[in-house]
């Protein structure tokens, strides 16, 4: 029986959502952080999209955001020439790391002791979070602003992307190992630790490379310019989104397009699979982020599959259920949070 994809729409941001990151799976589930040009990154419950809090403190657009594996710390990169590290449990700002230009990307090591940053000044910086007063280590070599920088190979190496180049660096020697050059701007980069796979998007291309050697594995062509792509944890599927407002889902092994549907009311800037692979999130120019089921019709999170009457002729449709919260309870929650670092109460809706 045919099933219809019914996304959860998470509102609350007032400008384009430009970056998304999931935590690992914790005893409390997994979590999702969003970076937005409104300067107010938000933390949400990953499987439902329920808003947890907003990190307040940046004075410019936030271009990058990430969580450590156990979701106890968050980091953000912003246009106010700073990267910030936050306590993701309380929402408190732990430190501000001053830069000389716009910061675009942040990434924690697996043990959360070091933070990697990159931005418009073309330098990679490595901060020891146990010694915030110490000067960071710097790696130079990029010839244009850095869009993305990621730890890889158990933090022994670093991957970074500027306008048309992806570079692999050795952490110990701080030297370049290898680079890839493209004939058009690199729009996104995702690192998959299991299998050491690097996903790169540029133009209409979605390319897969070895994260160890940068050797090509395979590539797909999409019908439109792609801004972001994400590989399923089990490497079964690939999702991508871009300038035509649509989301595309491909079979990773064959390259066959499995689904495509209009995902947003503006270009899609970022897509990411959840750590369990049950859903993927998309962030858009339209100011929303949406959660989509990998397998439509499966009961998961707020989705509950309800089959119609056999003779009704209707399509089966996932039903979206919400916790019963009265208006009085919502007002009380908002009042309690009005003076908190975690402010406002965005909603999640179908």
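Using the three backbone atoms N, Cα and C, a Cβ is placed for every residue, glycine included.
Annotated repeat 'WD' per TrEMBL: 55-96 (among others), in sequence order. Within the model, the repeat 'WD' (55-96) carries an average pLDDT of 98.
Long-range contacts of the repeat 'WD' (96-137) within the same chain, counting only residues at least 6 positions beyond its ends with a Cβ under 8 Å from a Cβ of the stretch, are 57, 60, 63-69, 72-73, 75-79, 81-85, 143-151, 154-155, 158, 160, 162, 169, 171, 174. Residues or ranges marked as repeat 'WD' in TrEMBL: 96-137 (among others).
Taken from TrEMBL, the feature repeat 'WD' applies to 139-179 (among others).
With DSSP states grouped into helix (H, G, I), strand (E, B) and coil, the repeat 'WD' (261-293) comes out at 0 helix, 19 strand, 14 coil. What TrEMBL records for 261-293 (among others) is repeat 'WD'.
Summarising the annotation, TrEMBL assigns region 'Disordered' to 326-350.
Summarising the annotation, TrEMBL assigns compositional bias 'Polar residues' to 335-350.
Secondary structure by DSSP for the repeat 'WD' (139-179): 0 helix, 22 strand, 19 coil. Away from its own ends, the repeat 'WD' (139-179) comes close to residues 64, 101-102, 104-105, 107-111, 114, 116-126, 185-186, 188-189, 191, 193, 196, 198, 200, 202, 209, 211-214 of its chain (Cβ-Cβ under 8 Å, at least six residues beyond either end).
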